[in-house]
Structures are given as structure tokens and as C-alpha cells.
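The block underneath contains the structure these notes are about, expressed in C-alpha cells.
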């Protein structure tokens, strides 16, 4: 299929104000909660062993997935998706689907038995991943699928490239830093490109805005203290100039920051009152300034593209892209890595020098991906070798059947309605909203269709080509 045509950056109104009160990024309670799939809807003929699978039974099964309780999450979104009582006792931010060692999914059989997806793959990497995928990714599932429930802004962050990840991982291993240590930058040796696809209106900052637009914004909110920084970029309106300005701001002495930030925030208030051209950008800076009043990341937010995604739209964040999710619910697919470098707007570990080493200062509008039409909705092509995401949509009353090919490892996730999944060997399983399932590369192809008459949506995550 053809690659996406490039989209345009979008600027929208500020996201709804949070009322949850907490500004911490991680709750102290370490316990994870789990998705509780129903096991009584699987019917099948006796399973056949697949060639090369070392006797492992077919694994077209439901998944039990871990919920990450970060403080920026929602108390209602994920519980409602999974059919649990709301509000939850604590914010629930991410639902992980995959085989990351930090929180691998568990296979749930019709008999109610459980097995770690990570252990299943390790026991038969060729059968579960396929020969090409297992060889290319060293017997690891190369992607991780998530649902994000963003109630409050995340940290300002970027992810390293494959080369940077391998080097950083080796360096921290040699230094004896535990992989779960809070100051660990590289718990994984692999890169972390990611694609985020909106389920609701989704707000984000991502990538450096073009210098001409950024200069226009800075002059629109210019103050005596800000003027010299505007001219710094105007004197070199390119990636190097953006690097110089960002580096200067993110490393400002606290005393200087304490003088400059109130000026900038006051100027943003006036710009919003005047219904200025950069209303959305200024509202975002004001919200971040309220939650992080002495943080250099508030200034840095002036340099990034302000995006508003409608449901079904997506953005791809390659290595080095500086970004910050603000509000909304989304499906995210990423390389199977948890390497994060932060520079502000968080109580978590911040490593500005290391972040400056990996950030890509290329200035451009962020393409918004609508997906390339296919027989089952949309395919989001990114060029990332680790993953591919596609989306199947059925309107009310549509009962059309779609074939999902095999030969690659896959996770199917139902986000609306109910989906019937029928395999060529006679097994049939129903996915309800919030439920997901694993399809091994050696499993036969399946047919999917709505199991009801309402609107239905299914995401398919698989390895890249």
C-alpha cells in the first residue's frame, strides 16, 4: 500500500481543565490492577499443533493486561473501558498489551488457565513470532500496545534512537544501575519510536515548530525579558538556532527563570484575553505554568507544535522527537522499550544533558495521519520496522466480515461494540469493548465481524515489514 500523504499541523483550543487535584506523576502504591477478561465465550475444535511450534498449542486467546497507575491518568476512562466500577481509587493511566518484561500480558484460556505471554514467546519464539520476526528482533516481540488515559499533562520527553539506546543501556549496565532504578534512563537496549491514535479528541505538543511561526508567537507575547531570546532565534532561524534557544532556556539559572516566567505568563494572559492568533498555545503555557510554576519546561512549550487530534487521527513520533501529551484518550503502539529521557514538567528523574544529546531539533509541521483506506478501515504507515497499526470500523448495522492475515504476531483490541473472531480451524471468540487477544504467527488466519448491531471498532497491532 502507499504511504500516507503528509498532513498538516493542527492547532486547537486548550484541553478541559483537570479537577483531580494531584500533580504527582507516579503514585507510591506499586500494585498493578489487571484487566479481567471473560473466559466463557471461547468455542473451538481440538487444537492442532503448528509446524515448528515445538508442541505449543494454538494461542488465539484473550489477554489479561496490566494497568499502570500513574498520577496523570484518569479515574474513569480505563475502568469504564474494562467494565469496572468508577471512579477507581487511584488514577489509571496506561493499559499495557504485549510482552515487555516490566508488565507482560497473560494468556487466558477457555479453561481459565493463565500463562505469561513473555514466557510463551520465550518457549517457542519461531512459532509465536514467525521465523523472520524472531530472527530480526532476537526472539523478542518488537512492539508494545497501550491505551493511554491522559487526564493531566505528562512530562516533556524524548526517546533515543536504536544506536543511542544500545550505547546507553551498555553504559548503565556497566555502571551497575538497577534496571528499575528511578534514575535509569535506558532500562532497555532498543529504540522507542511510537504512534499515538486518538480515541477521543487528543491534545499534545510534539516536534519543534517552524522558526518563522515561533518567532511570530514570541513577538506576540514579547516582554522586556523575552526580547533577547526572540532575537537569538531570529538571528539563526533554523535547527541550530532552535537548539541554541531551547538549550539556553532549559538550563536557565532558577533565579533568572523566576524573573522571566511570570512576565511570560502575564503576556500569555493578555494574548488570550485579546483572542490572539496563538490562543491555544498560550492557554497551554498557562496551564503548564499553573501546575509547574518554576519549571523551564513551561518556556520550552512555546517552541513546540500544538496539536489537536480528532478520533481516528494519529501522529508518529520517531526517535528524538520532543513531545508532551496533554489530555485525551488514545491507542498507542511503540517499540517494545521503556527508554525515556525527560527535561521537565515532572517530579520524575530529569537528565537534561542526556536529553540534549538525543533530541532532534528539526523544525517542521507535524504530519497528522488519517490512515490509508483499506478493506477494514485504515492502516497507519510509519516506516517503523518494529510495528504496524491498523483500525477496522463498522457503522451501525454493518455486519461485514474482514479477513485478518496470519504469519506475523498480532494483538487485536476491541475499543467499541463487540467483535466475533473466527479462525480457520473452527475456533470462535468474542471480544467485548476493552478486551484484547493474541494471535501467534503460526496461528491460522481469522475472520472478524461485529457481534452486535452497534458501532464497532477493532485495532490490529502487528510487527512491521
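Heads up, the Cβ atoms here are built off N, Cα and C, so glycines get one too.
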From 194, 290, 354, the one annotated by TrEMBL with 157, 159, 323 for Zn(2+): 194
Region 'Disordered' per TrEMBL - which of 122-155, 156-189, 224-257, 360-393: 156-189
Close approaches to the region 'Disordered' (156-189) from elsewhere in its chain (Cβ under 8 angstroms; 6 or more beyond its ends): 102, 205, 297, 300-301, 317, 319-324, 336-346, 348-349, 351, 354-355, 357-360
DSSP three-state assignment for residue 159 (Zn(2+) binding site): coil
Spatial neighbours, same chain, of residue 157 (Zn(2+) binding site) - Cβ under 8 Å, 6+ residues apart: 322, 323, 324, 340, 341, 342, 343, 355
Cβ-Cβ neighbours of residue 323 (Zn(2+) binding site) (radius 10 Å): 22
Number of other Cβ atoms within 10 Å of the Cβ of residue 342 (active site) across all protein chains: 21
Tally of DSSP helical, extended and coil residues in the domain 'Phosphomannose isomerase type I catalytic' (63-209): 36 helix, 42 strand, 69 coil
For residue 194 (Zn(2+) binding site): intrachain residues, at least 6 apart, with Cβ closer than 8 Å: 159, 316, 317, 332, 333, 334, 335
Mean of pLDDT values spanning the domain 'Phosphomannose isomerase type I catalytic' (63-209): 96
